[in-house]
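As recorded in Swiss-Prot:
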type: BINDING; residues: 86, 124, 125, 126; note: phosphate binding site
């Protein structure tokens, strides 16, 4: 039995609310159960120096957690003077994932910066961030289209992410913190709207897992991502 009493293939309640920040070109408040992330997408007429003059744009991301997003207060990284390795890893993952969804040449020589701020953390902050970031990015693209800044289709596919793991010997979908902290195996799957794989991160925390168990996790992930993509489409409709 899962601590949440969910079925093995049951996700937490998920919501994606688009357009929640009036100043940002794109935004989304994403909730995976008790994990809440505010995502904004900012259009900028600048590029990394190495990309200038190449006729294409760029998508980059930043990720952070509010001090009381967790049970005990976490010191702000800005006050510590450096980002943790975990933060750097997650924001690079978000940026990589979103770039697969975009025709960077159609975007033109512009940069979209996606900021993911975790308001409350209960497991799966990176997967929630990626899923909500796609909605914020789509919201930003819509803003650009409304102002005739782009003429062709920029978004190529949906991108969503979900966690899976082996908990008490059973493959389960969308781990919350209680499950993640006790799981024998946990993995994050980032996929496109048609089920292609962008990235897989998987770790045996206690016992090595078999190929059959990995395939069971992937099957759960495909089901979860399919559900998330449906919710994304509803959010941007």
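The backbone N, Cα and C atoms fix where each Cβ goes, and this holds for glycine too.
The model shown is predicted, which means the values in this text are computed figures rather than measured ones.
Listed in sequence order, the residues of the same chain lying 6 or more apart from residue 86 (phosphate binding site) and placing their CB within less than 8 Å of its CB: none are present. Within 8 Å of the centroid of the Cβ atoms of 86, 124, 125, 126, where the record puts phosphate, the same chain has further Cβ atoms from 90, 118, 121, 123, 127, 128, 129. Look at residue 124 (phosphate binding site): DSSP puts it in coil.
Residues 86, 124, 125, 126, recorded as binding phosphate, reach a greatest CA to CA spacing of 13 Å.
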